[in-house]
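Everything below concerns the one structure shown next.
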Amino acid sequence: MSNKPIADMIETIEHFAQTQPSYPVYNVLGQEHTYGDLKADSDSLAAVIDQLGLPEKSPVVVFGGQEYEMLATFVALTKSGHAYIPIDSHSALERVSAILEVAEPSLIIAISAFPLEQVSTPMINLAQVQEAFAQGNNYEITHPVKGDDNYYIIFTSGTTGKPKGVQISHDNLLSFTNWMITDKEFATPSRPQMLAQPPYSFDLSVMYWAPTLALGGTLFTLPSVITQDFKQLFAAIFSLPIAIWTSTPSFADMAMLSEYFNSEKMPGITHFYFDGEELTVKTAQKLRERFPNARIINAYGPTEATVALSAVAVTDEMLATLKRLPIGYTKADSPTFIIDEEGNKLPNGEQGEIIVSGPAVSKGYMKNPEKTAEAFFEFEGLPAYHTGDVGTMTDEGLLLYGGRMDFQIKFNGYRIELEDVSQNLNKSRFIESAVAVPRYNKDHKVQNLLAYVILKDGVREQFERDIDITKAIKEDLTDIMMSYMMPSKFLYRDSLPLTPNGKIDIKGLINEVNKR
């Protein structure tokens, strides 16, 4: 039986609270909370929020990790007509204060201890939230978030300048959710049993909670204290009865460090959903060997177009024949185009910027008309967004990814994709992980390419000097990389800096190299 689209997220959650009140919606390492609990707790908290007399539709910050109270608070806020701004409890203090400065929330709900002391915004802490749950207040839903109202606001991790708050409406969310639960590429089962690992402040989290709540399934969450400790992580993962794994490819790479991460130990896993960064052929091949019968979905899209706009099930033929995986068939309600530098549509097969339009495109950045005007526009009568990604559309309707426009450089007359260089470096038998970074001269021209490299275990001991390692890597890659793409300098590190979302912070490294 195929899944039906939903008309309203809260009505759908209410429906499951009536039809399957004792079915688990949230499982934190074995501690279960049911759909009945979620309704009762969110109703009771929504009643308390209404009594506070906050300005209508004003946004509320919710600070915490993967606790059940986070989800119940989100639902309570949606019922009471407020957008929520999730901030992960592991966020840097500067980031937290920068978000508060931009958002000016009417309330902070701190499920984890709030790290800033001097805050003028009213605050509710975990004990008060639990007290509100215990009151068991009834609640009549009269003014929920609906239509073009903001459902959530997620701040992207800008490495420089102030963070940008992407406003996602209820309509935007429905466009994404209904595509995901009805699309044949995802093939999402009803009552999905879903891993809930990415933090709520990262919009990849919407890829697990939205379809799960829309289809009456269960979220299995891993607190971040566990995901950051290999031993605990592996012990916990094997105990979770999950069928769908949703994460960045990097998190799957981390899981594959354990030889036990395979279909024999985890026979329940039937689907892998990837988004948030590029899924490489190497990672997908390794995963296919470990889970030969699982469906591996490569999805793509910016936060500004609600999580993802395209997806494809990776085939064995793709793994055998392609150097780079396609990023998917685009969703029907979101016309996606490739345009040239003048803004003209390009025919299939030609490379340009990926433009997405339609009902999933955000209304823009919160209180930032300048940045909104730069990125958002109207295209053929529909709201549209400049992704800043380079792509090509095939005649079959498959989108191919060509890297970030801001990670494209001109060097000695050649146009070079930094991501291409990084991918090729990662093919060396000596390299665990590597990224390429340009160094600019005073005329803003690329002077040379540098490689930041993490070596595989045991490699350093095989060589006397770094220069010998570099020579061996270059020889190793002679047949793979064009000479003009080969970095002139290799810097060896034990780790590479990550953004708050767990991606390698390439912009930060570029700034470091160029002392910006």
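Note: Cβ is positioned from N, Cα and C throughout, glycine not excepted.
As written in Swiss-Prot, here are the features:
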{"type": "BINDING", "residues": "Thr156, Ser157, Asn298, Ala299, Tyr300, Gly301, Pro302, Thr303, Asp389, Tyr401, Gly402, Gly403, Arg404, Lys503", "note": "ATP binding site"}
{"type": "BINDING", "residues": "Asp203, Val307, Lys503", "note": "D-alanine binding site"}
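Known features from Swiss-Prot, placed on the structure.
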residue	record	CB count, 10 Å
Thr156	ATP binding site	18
Asp203	D-alanine binding site	25
Asn298	ATP binding site	25
Tyr300	ATP binding site	28
Pro302	ATP binding site	22
Val307	D-alanine binding site	27
Asp389	ATP binding site	21
Gly402	ATP binding site	20
Arg404	ATP binding site	16
Lys503	D-alanine binding site	16
Max pairwise CA distance, angstrom, over record-listed D-alanine binders Asp203, Val307, Lys503:
16
What does the structure give for the C-alpha distance between Lys503 (D-alanine binding site) and Thr156 (ATP binding site)? Integer Å is fine.
12
Given the recorded D-alanine site (Asp203, Val307, Lys503), which additional residues of the same chain have their Cβ within 8 Å of the Cβ centre, ordered by sequence?
Pro198, Phe202, Leu204, Asp275, Gly276, Pro302, Thr303, Asn501
DSSP secondary structure for Asp389 (ATP binding site), reduced to helix/strand/coil, please.
strand
Do me a favour and check the Cα-Cα span between Pro302 (ATP binding site) and Asp203 (D-alanine binding site); whole Å is fine.
9
What whole-number Å value do you get for the CA-CA distance of Thr156 (ATP binding site) and Val307 (D-alanine binding site)?
12
C-alpha spacing of Asp203 (D-alanine binding site) relative to Tyr300 (ATP binding site), in angstrom:
12
Measuring Cα to Cα, how many angstrom lie between Arg404 (ATP binding site) and Val307 (D-alanine binding site)?
17
Cα of Asp203 (D-alanine binding site) to Cα of Gly402 (ATP binding site): how many Å, rounded?
22
Cα-Cα separation of Gly402 (ATP binding site) and Val307 (D-alanine binding site), in Å?
19
Give the distance between the Cα atoms of Val307 (D-alanine binding site) and Asn298 (ATP binding site), rounded to the nearest whole Å.
13
